[in-house]
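Q: Below are the features I grabbed from TrEMBL:
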type	residues	note
DOMAIN	37-792	domain 'Alanyl-transfer RNA synthetases family profile'
BINDING	His632, His636, Cys749, His753	Zn(2+) binding site
Amino acid sequence: MAASMAAAARRLRRAFRRSPLWGGLSRRPFSSEPPPASATAVRDAFLSFFRDRHGHQLVPSASVRPRGDPSLLFVNAGMNQFKPIFLGTVDPRSEMAGFRRVANSQKCVRAGGRHNDLEDVGRDLSHHTFFEMLGNWAFGGEYFKEEACRMAWELLTQVYGIPEDRLWVSYFGGDPKAGLDPDLESRDIWLSLGVCASHVLSFGPQENFWEMGNTGPCGPCTEIHYDLAGRGGAPQLVELWNLVFIQHNREADGSLQPLPQRHVDTGMGLERLVAVLQGTHSTYDTDLFSPLLDAIQQGCGVSPYLGRVGAADEGRTDMAYRVVADHIRTLSVCIADGVCPGMSGAPLVLRRILRRAVRFSTEVLRAPPGFLGSLVPVVVETLGDAYPELRKHSAQIVNLVSEDEAAFLASLQRGRHIIDQTLRRLGPSDLFPAEVAWSLSLSGNLGLPLDLVELMLEEKGVQLDSAGLARLAQEETQHRSRQAEPAQERGLQLNVHALGELQRRGVPPTDDSPKYSYSLRPSGGYEFGTCEAQVLQLYTEDGTAVASVGKGQRCGLLLDKTNFYAEQGGQASDRGYLVRVGQEDVLFPVPRAQVCGGFILHEAVAPEGLKVGDQVQLHVDEAWRLGCMEKHTATHLLNWALRQTLGPGTEQQGSHLNPERLRFDVATQAPLTPEQLRAVEGTVQEAVGQDEAVYMEEVALARTAHVPGLRFLDEVYPDPVRVVSVGVPVAEALDLASQAALQTSVELCCGTHLLRTGAVGDLVIVGERQLSRGTTRLLAVTGEQAQQAREVGQALAQEVGAAAERLSRGSQDVVEAQRLSKDMGRLTDAVDTAVMPQWQRRELQATLKVLQRRANTAIRKLETGQAAQKTQELLRRHSEGPLIVDTVSTESLSGTTPAFTAEAWALAVCSHMGGKAWGSQVVAQGTGTTADLEAALRTARAYALNQL
């Protein structure tokens, strides 16, 4: 009976997870006591229960941006911030090291990465990208299964008043393959608490065994489920609460070993709990969402939300309600925590979320412009008391959401028009061109997510050329990899003959002054202007000048003027697109521009024909350009900081930058010390923190000839030349009497720069290597990447500190000592490869080297003691007879890498005796001849001591 009920429950659970509706929920109270009236009361009741009744410390929610954990895009579970405790790497000097029993409500985002609910949001009544996870934890065996189960049962049945007969529990039924017995202890605890035996079900490791990853802490879990059907029919189970008992460690070889300390980790989704307690059919029907749904109706003037899904949701109105309500919560929480829409990683995911919300609000709900920003105060009112950072940053959230919404609406309108125009040119069975879709995408020009482009085509019954799209994606990946360093393949070029012909015809050099036409908006964002130009000449891929190019042809365009920055001065080329004036629905992607003898050659792929004399309008990829500006200004600050730290004679040898990172080569007498690297970063941070103005002006080259402190490279500069000065107007910086160039960064530079230093955010030097004697190459990141690098470094420093603490406590067990030595090796590998501050890497590497030696010494001492003890045992056991035949355990030999091998040791000794040796790392033998055996023994001893 139990087995059949378990199978039925499994089917019901799986069916429920696929079901778009929560059916059959009663709206009656669960007990004579009224249930918590609001989500706020439910959250507060949870926290108060664990604090007041069971002595838990309440800790704030961590930021949704993971700290020191590059494996995650967002915090997606309550346990993320406690990973150092589970892994044993918590800094013993930190507050976290003192945690014993804690509880909180954690902000979680599941969008992108392994846990990704983004595309499911809106299609059903339960998925969210942002949710709150209620949790309680016990560390180091503070309490375990019995107390955890009893507390959970008490809260659900006595505090929240959920009827006991509506609750079911599951426990781990064992895994014979892994040698794990059933968790009968949990089963018996539930039965002792009064759970009906037919409501206690066992499941295998897929359902009831939790693991942090491929390796690391893990253990059985027991789940509490709510029966949606009640007494009305077959049970329909939905998980409410998961209680994990962390008691094993998954080793690298796949085996399970018991943890020295056990922990309890529980998690319960607030939204689902509130839905149960408020008797609703959906999480969207709770008071966490109803204020937003009401605001959406009022702001858009559409029919009220009815909770329909699938075919019943005509026009997808209710789906749009859910998408917008969910996404504005996610956007608000993320921006408040410092994650803003951007071009890579978590910021890129957030950008997709914002644009998905904009599309549903405008196309389905017919929302007016600026509508999304108007919902932010509703989110703040709903969640601001629990998460005060929302109130603190509410104005910034509104501004960012509104700006990105406006930009995307413009792109969306143009994208729809381009799709319609393209479809009119296609035959009934033609595939939609991959090049056009790519030009519309985030990777192309208009910044529309590719899945959104595909959805827009799907709605029109058109199939996309997926193979062509895959090819373009591969080319983009290759292009990005080349951008990591200066490109070796230079693409289209104007050869000497083409340049001579242009000069013969009297064609003037390209006017690229519009590349400097940008300004700061009051909100802090940048506004980039477009540029109208005339096609002066077209070139084929082999450099042949032509009067026109056809559809699909890769070509070079020479224009009379441009706002594109061509790659020079170490700054990567701009990218973007151009359109013909009067035909803005056809985009010509421009992946890069290059300068050739004063002429700017734009590489492009022509989706349609183009000819000399056409008037075009150019649009730069604003996010790409802004990334280059940020890195270039940061490069100047880095150059200045190096001079401040290493001395005024420090010379730049070269640099290269793109939006991802910057590379800087500097002449040095010796490698930079960790202290110098840290001082350089500190000087840059000071300039960034002051948010100084960046002044740029073209001046006569002669004016720069004798200015003390002015930085320039050994190259030919144009006249007039552009001067970039941080914090001091150019005229003052060039005044010989002011000495201003000695006090700040002043350089000759043709690049594009920020207008204020604050937008750099931060700078971290993440790499350093010697290119040649006297030249050091530095790699650095800025902004969000820099902050993440610092967090990774801090996390690794805590792990090293925890390892040092473990080592100082000592060990009497060889196996434990070997495990610690392995941990040192793992940490060394992590520190060597992590994106983290270089100064901190060098310090941790030095510390780990010492710790590894100490660990190996401890192992050798323990092994020597064991060997001596074993020798005495053998002699006692075999006190009679001319020889000893016995076994010696070699378990310890696999625990750590020996300082030298047995074969090498034997070879060193036997070679001294004119002989030879052979063997393996742990066992060897050899032959030789000597009249002085003591000398051979001294050789053996000296070799060993030298290796150790």
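In case you wondered, yes, glycine gets a Cβ from its N, Cα and C as well.
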Q: Return the average pLDDT for the domain 'Alanyl-transfer RNA synthetases family profile' (37-792) as a whole number.
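A: That region's mean pLDDT is 89.
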Q: Just jot down the residues in the same chain as His636 (Zn(2+) binding site), at least 6 apart in sequence, with C-beta under 8 A of its C-beta; none if empty.
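A: The list for His636 (Zn(2+) binding site) reads Val724, Val726, Ser745, Glu747, Cys749, His753, given in order along the sequence.
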Q: With the Zn(2+) site defined by His632, His636, Cys749, His753, which remaining residues of that chain have Cβ atoms positioned within 8 Å of the Cβ centroid?
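A: My list of surrounding residues reads Met629, Thr633, Thr635, Val694, Val724, Glu747, Gly751, Thr752.
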Q: Just to confirm: which same-chain residues, 6+ apart in sequence, have a Cβ under 8 Å from the Cβ of His632 (Zn(2+) binding site)?
A: Gln571, Leu657, Leu662, Cys749, Gly751, Thr752, His753
Q: If you count Cβ atoms within 10 Å of the Cβ of His753 (Zn(2+) binding site), leaving out that atom itself, what do you get?
A: 25
